[in-house]
């Protein structure tokens, strides 16, 4: 017989559970290694699941806690629970009035939803698990229960088919019940507005991780997140507070910055009334210069005007009559300074990547704030901080820095500075030659670096000279003719070589060094066919499962042969990225470990590719991540 139920205040910690004498109390002797009582046996899994429906709450809570324990790092048990129809019962217990019951059930669901078996996540969704978790979240008032709920949602958010379900049912609850009240941000600014999220940091980390994942889904998800009242404001407040406390490397900062990075993807196109910020492209009627239709023998237009006047070395953001709120904060000076601070202070690769990726996104496109931000980053001395990332030992950081520099180089003054200070490290990261990075970068990263070099040396003779001085020609010719590089790498290298040859001032010096005109011609026959050109991550997709939706396309640009050497600029086809995946040791899809991301899925959200031109800009998305599993419950006798 079951004795009297234990007072509810003994069930306040997740995932601990107390057990009634005569129910599952004998499990404690198994946990502690003591002698089992006479005629005792360990219950079979079907029996434990059956106990979830027992009429006594103590039996339900102990069964749920024991399931949570059994599922910890045991994928087979998780699958068996699903096959035995245990998930609908656990979801049903989320609405149980007693905390010890719904806490144990939620802990079991958190563990079941962690891992690579996507069927478990789908099973939770199919029995309305997300709305049930949201109902419980709105009733929760303590840290431990809220942490388990948000951790479960974080795990579920790694699955593409569940992301919009979370956006539609959980976004406002997560924002109104967790992010805003525990961030310290106040809707009405006051002097007493102070960070107060320390106690709730794990809950905020889970919530930001969940939203980070769903933000990599599609434009509709990003739109709803941007327009969710108070969300962007509170996220920026949290990151500013963490930086102020000299904690620039926390998981909370990472998730928030990756989320902000994803929300900045295609921001110049997706925000309401985006057309009011669009700027007309420069007059490109005269196709002269290094990118003329045929760079061999073409005349270089020496007097071509740059895209932006170098004399305008300072550009002030527009004066506002009221403080920026909501999605407008994504492209204001405050958030730009946050990214700069993180680039200079953080040591976490994912944070560095996300900050550079956000800058890359904001500088993509021909729009008013993109122009302001390119100038602001120069004024804030951030170009050198981004260029320094090219020496990182983490490839995704190098790639994000390369993409950011490429978009920043659209500004003529930035192009000049990047040419002076970043070309050596860009060249060093190319394969081959004596001055090479110790890393063996992927095709995707190599192509990104080549495209950035080409953007920097276009209409920039001094940068082209710097490229020649740093063994860049040798490496480019080697990529073009070695026969062991992919077709995309060969094409990207050929574009740079053609740009170099387009400078008539450089031809004689190059010929004196032994180079021939044929060295600067495209040689696609030597491209390695063994390297597929269809395996591109989204940039941060970062960040790394690549289950992409039909409306997502790789954000990598493929330069078509018909475009090689052309002078067309396609700033509207932005070089942008999403972070879709997080670390695989967490439980998002950047699942238990990149973004995601995104991605990352990060990195970039897939955009429809228009004409892929030499100077197309890319945005970046971040990868998905999964939250942690719950530790096994402590079984104690009553």
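Cβ atoms are placed via backbone N, Cα and C, with glycine included.
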204-242, 243-281, 282-320, 321-359 - the one TrEMBL records as region 'Disordered': 282-320
Secondary structure tally of the repeat 'ARM' (381-418) (DSSP, helix then strand then coil): 30 helix, 0 strand, 8 coil
Segment confidence, the repeat 'ARM' (381-418), expressed as mean pLDDT: 95
DSSP helix/strand/coil residue counts for the repeat 'ARM' (128-171): 37 helix, 0 strand, 7 coil
